[in-house]
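Peer 1: Here it is: the structure, laid out below.
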Amino acid sequence: GAIDSKLDWSHNFTNMLGYTEPQFTELMRLYLTIHSDHEGGNVSAHTSHLVGSALSDPYLSFAAAMNGLAGPLHGLANQEVLVWLTQLQKEVGKDVSDEKLRDYIWNTLNSGRVVPGYGHAVLRKTDPRYSCQREFALKHLPNDPLFKLVAQLYKIVPNILLEQGKAKNPWPNVDAHSGVLLQYYGMTEMNYYTVLFGVSRALGVLAQLIWSR
(Lines of atoms letter the chains of each structure in order from A and count residues from 1; the text may use other names and numbers.)
(Lines give C-alpha, C1' and ligand atoms only; values in the text may rest on other atoms or scores of the structure.)
Protein backbone atom coordinates (compact mmCIF):
# COMPACT_ATOMS: atom_id res chain seq x y z
CA GLY A 1 0.00 0.00 0.00
CA ALA A 2 0.90 3.65 -0.24
CA ILE A 3 2.91 5.40 2.46
CA ASP A 4 0.78 7.62 4.70
CA SER A 5 2.86 10.60 5.81
CA LYS A 6 0.57 11.08 8.81
CA LEU A 7 1.58 7.71 10.24
CA ASP A 8 4.90 6.76 11.78
CA TRP A 9 7.42 4.34 10.29
CA SER A 10 6.18 1.33 12.25
CA HIS A 11 2.51 1.96 11.46
CA ASN A 12 3.22 2.27 7.74
CA PHE A 13 5.35 -0.87 7.86
CA THR A 14 2.69 -2.99 9.57
CA ASN A 15 0.05 -1.66 7.16
CA MET A 16 2.18 -2.76 4.21
CA LEU A 17 2.58 -6.18 5.83
CA GLY A 18 -1.21 -6.45 5.99
CA TYR A 19 -1.60 -6.19 9.75
CA THR A 20 -4.31 -3.99 11.25
CA GLU A 21 -4.09 -4.99 14.93
CA PRO A 22 -3.04 -1.89 16.95
CA GLN A 23 -1.13 -4.04 19.44
CA PHE A 24 0.99 -5.48 16.64
CA THR A 25 1.83 -1.95 15.51
CA GLU A 26 2.81 -1.16 19.09
CA LEU A 27 4.97 -4.28 19.17
CA MET A 28 6.63 -3.30 15.91
CA ARG A 29 7.45 0.14 17.31
CA LEU A 30 9.17 -1.59 20.18
CA TYR A 31 10.87 -4.19 17.99
CA LEU A 32 12.20 -1.73 15.41
CA THR A 33 13.49 0.56 18.15
CA ILE A 34 15.34 -1.99 20.26
CA HIS A 35 16.93 -3.73 17.26
CA SER A 36 17.97 -0.52 15.50
CA ASP A 37 21.51 -0.40 16.85
CA HIS A 38 23.65 -2.08 19.48
CA GLU A 39 27.08 -0.53 19.98
CA GLY A 40 29.51 -1.25 17.17
CA GLY A 41 30.88 -4.66 18.02
CA ASN A 42 28.28 -6.97 16.52
CA VAL A 43 28.73 -8.12 12.94
CA SER A 44 26.11 -6.01 11.14
CA ALA A 45 26.77 -2.73 12.96
CA HIS A 46 30.55 -3.14 12.80
CA THR A 47 30.44 -3.97 9.09
CA SER A 48 28.37 -0.91 8.26
CA HIS A 49 30.75 1.32 10.25
CA LEU A 50 33.78 -0.24 8.57
CA VAL A 51 32.49 0.09 5.01
CA GLY A 52 31.08 3.54 5.71
CA SER A 53 34.46 4.71 7.02
CA ALA A 54 35.76 4.49 3.45
CA LEU A 55 33.09 7.04 2.47
CA SER A 56 31.24 4.34 0.57
CA ASP A 57 27.68 4.96 -0.54
CA PRO A 58 25.29 4.50 2.42
CA TYR A 59 23.35 1.87 0.49
CA LEU A 60 26.55 -0.13 -0.02
CA SER A 61 27.38 0.25 3.66
CA PHE A 62 23.96 -1.06 4.65
CA ALA A 63 24.13 -3.88 2.08
CA ALA A 64 27.41 -4.98 3.63
CA ALA A 65 25.78 -4.98 7.05
CA MET A 66 23.00 -7.20 5.74
CA ASN A 67 25.53 -9.66 4.34
CA GLY A 68 26.82 -9.97 7.90
CA LEU A 69 23.31 -10.31 9.29
CA ALA A 70 22.69 -13.17 6.84
CA GLY A 71 25.15 -15.30 8.81
CA PRO A 72 23.34 -17.80 11.06
CA LEU A 73 25.36 -16.87 14.15
CA HIS A 74 24.02 -13.32 13.91
CA GLY A 75 20.71 -13.24 12.07
CA LEU A 76 19.12 -16.56 13.00
CA ALA A 77 19.37 -16.38 16.79
CA ASN A 78 15.73 -15.56 17.53
CA GLN A 79 14.55 -18.25 15.12
CA GLU A 80 16.74 -20.82 16.85
CA VAL A 81 15.28 -19.82 20.22
CA LEU A 82 11.74 -20.23 18.93
CA VAL A 83 12.50 -23.64 17.41
CA TRP A 84 14.06 -24.72 20.70
CA LEU A 85 11.12 -23.46 22.77
CA THR A 86 8.66 -25.25 20.49
CA GLN A 87 10.65 -28.48 20.77
CA LEU A 88 10.91 -28.10 24.55
CA GLN A 89 7.16 -27.61 24.82
CA LYS A 90 6.56 -30.62 22.58
CA GLU A 91 8.78 -32.85 24.72
CA VAL A 92 7.72 -31.80 28.22
CA GLY A 93 4.22 -30.49 27.53
CA LYS A 94 2.52 -27.30 28.62
CA ASP A 95 2.40 -26.19 32.27
CA VAL A 96 5.61 -28.07 33.01
CA SER A 97 6.83 -28.05 36.61
CA ASP A 98 9.96 -26.12 37.58
CA GLU A 99 11.64 -29.37 38.60
CA LYS A 100 11.00 -31.04 35.26
CA LEU A 101 12.19 -27.93 33.45
CA ARG A 102 15.40 -27.89 35.51
CA ASP A 103 16.04 -31.51 34.53
CA TYR A 104 15.52 -30.63 30.87
CA ILE A 105 17.97 -27.72 31.08
CA TRP A 106 20.61 -29.82 32.82
CA ASN A 107 20.20 -32.59 30.23
CA THR A 108 20.66 -29.99 27.50
CA LEU A 109 23.86 -28.66 29.06
CA ASN A 110 25.25 -32.07 29.97
CA SER A 111 24.85 -33.20 26.37
CA GLY A 112 27.18 -30.40 25.28
CA ARG A 113 24.50 -28.08 23.94
CA VAL A 114 23.66 -24.54 24.99
CA VAL A 115 20.43 -22.87 26.08
CA PRO A 116 19.50 -20.58 23.16
CA GLY A 117 18.78 -16.97 24.06
CA TYR A 118 21.07 -16.84 27.08
CA GLY A 119 24.44 -15.10 27.31
CA HIS A 120 25.89 -12.10 25.53
CA ALA A 121 29.34 -11.15 24.25
CA VAL A 122 29.30 -7.77 26.02
CA LEU A 123 26.47 -7.56 28.56
CA ARG A 124 26.84 -9.05 32.03
CA LYS A 125 23.24 -8.64 33.16
CA THR A 126 19.76 -9.16 31.74
CA ASP A 127 19.61 -7.55 28.30
CA PRO A 128 17.44 -4.41 28.68
CA ARG A 129 15.94 -5.24 25.28
CA TYR A 130 14.71 -8.51 26.79
CA SER A 131 13.21 -6.59 29.70
CA CYS A 132 11.30 -4.26 27.33
CA GLN A 133 9.76 -7.21 25.55
CA ARG A 134 8.93 -8.92 28.83
CA GLU A 135 7.06 -5.81 30.00
CA PHE A 136 5.11 -5.77 26.72
CA ALA A 137 4.20 -9.45 27.09
CA LEU A 138 3.12 -9.05 30.71
CA LYS A 139 0.81 -6.26 29.58
CA HIS A 140 -0.66 -7.80 26.43
CA LEU A 141 -0.25 -11.61 26.50
CA PRO A 142 0.35 -12.77 30.08
CA ASN A 143 -1.44 -16.08 29.54
CA ASP A 144 0.17 -17.09 26.26
CA PRO A 145 1.69 -20.58 26.76
CA LEU A 146 4.98 -19.77 25.05
CA PHE A 147 5.40 -16.53 26.98
CA LYS A 148 4.68 -18.36 30.23
CA LEU A 149 7.42 -20.83 29.29
CA VAL A 150 9.85 -17.97 28.53
CA ALA A 151 9.01 -16.38 31.89
CA GLN A 152 9.52 -19.71 33.66
CA LEU A 153 12.91 -20.16 32.00
CA TYR A 154 13.89 -16.66 33.14
CA LYS A 155 13.43 -17.81 36.75
CA ILE A 156 15.31 -21.08 36.30
CA VAL A 157 18.05 -20.89 33.66
CA PRO A 158 20.34 -18.16 35.12
CA ASN A 159 20.80 -20.04 38.40
CA ILE A 160 21.58 -23.27 36.55
CA LEU A 161 24.14 -21.53 34.33
CA LEU A 162 25.72 -19.93 37.42
CA GLU A 163 25.85 -23.34 39.10
CA GLN A 164 27.43 -24.87 36.00
CA GLY A 165 30.07 -22.15 36.13
CA LYS A 166 30.89 -21.85 32.43
CA ALA A 167 28.80 -18.87 31.31
CA LYS A 168 30.24 -15.37 31.70
CA ASN A 169 26.73 -14.02 31.38
CA PRO A 170 23.89 -16.32 32.50
CA TRP A 171 21.15 -13.82 31.69
CA PRO A 172 18.72 -13.74 28.73
CA ASN A 173 19.40 -11.63 25.66
CA VAL A 174 17.08 -9.94 23.17
CA ASP A 175 16.62 -13.10 21.10
CA ALA A 176 15.16 -15.04 24.03
CA HIS A 177 11.88 -13.20 23.64
CA SER A 178 11.25 -11.63 20.22
CA GLY A 179 10.14 -14.73 18.31
CA VAL A 180 7.45 -15.55 20.87
CA LEU A 181 5.91 -12.09 20.50
CA LEU A 182 5.91 -12.24 16.71
CA GLN A 183 4.32 -15.70 16.74
CA TYR A 184 1.57 -14.54 19.07
CA TYR A 185 0.43 -11.89 16.59
CA GLY A 186 0.41 -14.31 13.69
CA MET A 187 3.79 -13.67 12.11
CA THR A 188 4.77 -17.31 11.85
CA GLU A 189 7.08 -17.03 8.82
CA MET A 190 10.35 -17.40 10.72
CA ASN A 191 12.44 -16.84 7.59
CA TYR A 192 11.13 -13.27 7.61
CA TYR A 193 12.40 -12.49 11.11
CA THR A 194 15.87 -11.62 9.84
CA VAL A 195 14.28 -9.18 7.38
CA LEU A 196 12.58 -7.45 10.33
CA PHE A 197 15.96 -7.26 12.02
CA GLY A 198 17.41 -5.67 8.88
CA VAL A 199 14.60 -3.13 8.54
CA SER A 200 15.21 -2.12 12.14
CA ARG A 201 18.99 -1.99 11.90
CA ALA A 202 18.83 0.32 8.88
CA LEU A 203 17.71 3.22 11.05
CA GLY A 204 20.45 2.78 13.62
CA VAL A 205 23.49 2.08 11.49
CA LEU A 206 22.69 4.70 8.84
CA ALA A 207 22.18 7.31 11.56
CA GLN A 208 25.62 6.34 12.86
CA LEU A 209 27.05 6.71 9.37
CA ILE A 210 25.67 10.25 9.08
CA TRP A 211 27.01 11.20 12.51
CA SER A 212 30.44 9.81 11.58
CA ARG A 213 30.59 12.06 8.54
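Note: Cβ is positioned from N, Cα and C throughout, glycine not excepted.
Straight from Swiss-Prot, here's the annotation block:
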ACT_SITE  H74  active site
MOD_RES   K94  N6-succinyllysine
MOD_RES   K94  N6-acetyllysine
MOD_RES   K100  N6-succinyllysine
MOD_RES   K100  N6-acetyllysine
ACT_SITE  H120  active site
BINDING   R129, R201  oxaloacetate binding site
MOD_RES   K148  N6-succinyllysine
MOD_RES   K148  N6-acetyllysine
MOD_RES   K155  N6-acetyllysine
MOD_RES   K166  N6-succinyllysine
MOD_RES   K166  N6-acetyllysine
MOD_RES   K168  N6,N6,N6-trimethyllysine
ACT_SITE  D175  active site
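What's the neighbourhood like for each of these?
Peer 2: If you take the C-beta of H74 (active site) and look for same-chain residues 6 or more apart in sequence within under 8 angstroms, you find N42, V43, S44, G68.
Its Cβ placed at the centre, K94 (N6-succinyllysine) has 10 other Cβ atoms within 10 Å. Taken residue by residue with DSSP, K94 (N6-succinyllysine) is part of neither helix nor strand, so it is coil.
A simple way to gauge crowding: the CB of K100 (N6-succinyllysine) has 11 other CB atoms within 10 angstroms, across all the protein chains here.
Cβ neighbours within 10 Å of H120 (active site), excluding its own Cβ and spanning all shown chains: 19.
Neighbour list (R201 (oxaloacetate binding site), Cβ cut-off 8 Å, at least 6 residues apart, same chain): H35, S36, D37, S44, A45, A65, L69. The secondary structure of R201 (oxaloacetate binding site), as reduced to three states from DSSP, is helical.
A simple way to gauge crowding: the CB of K148 (N6-succinyllysine) has 17 other CB atoms within 10 angstroms, across all the protein chains here.
Taken residue by residue with DSSP, K148 (N6-succinyllysine) is part of a helix.
The Cβ of K155 (N6-acetyllysine) has 10 other Cβ atoms within 10 Å, all protein chains considered.
Under 8 Å, Cβ to Cβ, and six or more positions away along its own chain, K166 (N6-succinyllysine) finds no residue.
The DSSP secondary structure for K168 (N6,N6,N6-trimethyllysine) is coil. Long-range Cβ proximity for K168 (N6,N6,N6-trimethyllysine), meaning a same-chain Cβ under 8 A and a gap of 6 or more residues, is found for G119, R124.
Within 10 Å of the C-beta of D175 (active site) we count 23 further C-beta atoms, all protein chains included.
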Peer 1: For R129 (oxaloacetate binding site), what residues in its own chain, 6 or more apart in sequence, show a Cβ-Cβ distance under 8 Å?
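Peer 2: Same-chain residues close to R129 (oxaloacetate binding site) (Cβ under 8 Å, separated by 6 or more) are I34, H35, N173, V174.
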Peer 1: What subset of the recorded positions K94, H120, K148, D175 lies within 10 angstroms of K155 (N6-acetyllysine) at the C-alpha level?
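Peer 2: Close recorded positions: none.
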Peer 1: Between the Cα atoms of H120 (active site) and D175 (active site), what distance do you get, rounded to the nearest Å?
Peer 2: 10
Peer 1: Do you know offhand how many angstrom separate K100 (N6-succinyllysine) and D175 (active site) by C-alpha?
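Peer 2: Roughly 24 Å, rounded to the nearest whole number.
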